[in-house]
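The structure appears below as structure tokens.
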Amino acid sequence: MRTLKSQPAKGLHGELTVPGDKSISHRGIMLGAISEGTTTLTHFLTSADCLSTLAAFQQLGVPIEREGTTVTVHGVGLHGLKASEEPLDMGNSGTTTRLIMGLLAGQPFSTTLIGDASLSKRPMRRVSDPLAAMGADITTTDGHLPVTINGEKLHAVDYQLKVASAQVKSALILAALQADEPSTLTELLPTRDHTERMLTAFGGEITTASDGLTITVQPQPQLKGQSMTVPGDMSSAAFFMTAASLVPGSQITLKDVGLNKTRTGLLDILNVMGGDVSVESEPTDGEPIGDLTIRSANLKPIDIGKAQIPAVIDELPLVALLAAKADGISRITGAEELRVKETDRISAIVTEFKKLGIDIEELPDGFVIDGRKPWHVVDPVLDAHDDHRIGMVIGIAALLVDQPLQLKGADSVRISYPEFFDDLDKLL
Ligand code: S3P
């Protein structure tokens, strides 16, 4: 049990560089592994999830070294991975699992994937079904882990995705690299495009049509190792953006944060809510990055629906927190994907927010929150539900009450942000 810091007298102040982006760190290892030559990733995220990816690829015969946050991957090419005798342990990481399923579907050996209790409850047919349409042979355990992938020769597809998910899209892209002909994938809504951008940087041929939804993947590329600096994770920066917006008297600067448009939904939402955020960015060759300065502000309520969800999917617990202090009723709908994250995040947020006396109503696909009602602590013992983002949003919510709260399962932050509480302390 961790005792959380309560309302800081003078707000949050200072400058911080958040750890590297989780999505980009995973993909850096994967694309580095299937490239020829060396890939160097600086500011790599050394959290439990990304270390699951690193260990899995070592087990698949890829030499990988790590010194602090610098990772060197000695690529083995698209056809150089080796079978692992032991099952690959995906830990808590949905991204590792889904993307590796796509990659291993076309490799000439069998692999079994296992994971922790939370990951073993998450749906995997969303990946195995479309991969089966490409000729993959994947057995799930009732749609879940453990999963066994018997590598097969894959054929091209023209596939319409059934869920707005970058993980599913990326799995299909990695499978399509191994097919016989070009594949076309069509998304329901645009989702994070790191795989597409990085694949291009590594020498692959992938194009997105002007509708932003239809992707064509050329098979059998000769990928070349790259050196890249991983931008700060917008999804980690988001906790401090929210804290500084809500705690009166705050002013902080977050340096070198990834500003890819498919990830900056929270910036747009804060703008609409009347938040005070300024962005300073310089053009880059790769992923856009910039410095964010956030000052506290009085916030207006917000109404967000399906089309806005993918760009803010991991930040929705924070949108709920912003709404819980806004001057009116906010509605978040079209977010049913939250129910299949590390925990059912809709249910977890409603349960934990109610302990703080927040006026929140659960919807099948989101919540309605009245931020005008004053909070009152009903139960000071909150629970992370074994979910890093729920643990961290509670860490921020605690700054808005004037008595110390207790958090069960605080070490869940190791999944995406092991230094979260230390970094928060630096700003207090
Ligand atoms: C991720 C995509 C998102 C996100 C997850 C990371 C990725 O999941 O929630 O934290 O790296 O592709 P979905 O694409 O399944 O929504």
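For all residues, glycine too, the Cβ spot is worked out from N, Cα and C.
From the candidate list Arg66, Arg122, Arg192, Arg197, the residue TrEMBL records in the phosphoenolpyruvate site shared with Lys22, Gly94, Gln167, Arg345, Arg389 is Arg122. Ligand 1 lies within reach of Ser23, Ser165 from the binding-site residues Ser23, Ser165, Arg345, judged by a C-beta closer than 6 angstroms to any of its atoms. When the binding-site residues Gly94, Gln167, Arg345 are ranked by how far their Cα is from the Cα of Arg27 (3-phosphoshikimate binding site), Gln167 comes first. Taking the C-alpha atom of Gly94 (phosphoenolpyruvate binding site) as reference, the shortest distance to any of the binding-site residues Ser23, Ser165, Asp314, Lys341 belongs to Lys341.
When the binding-site residues Ser23, Ser165, Asp314, Lys341 are screened for a C-alpha within 10 angstroms of the C-alpha of Arg122 (phosphoenolpyruvate binding site), the residues that qualify, in sequence order, are Lys341. Between the CA atoms of Ser23 (3-phosphoshikimate binding site) and Arg389 (phosphoenolpyruvate binding site) there is a gap of 15 Å.
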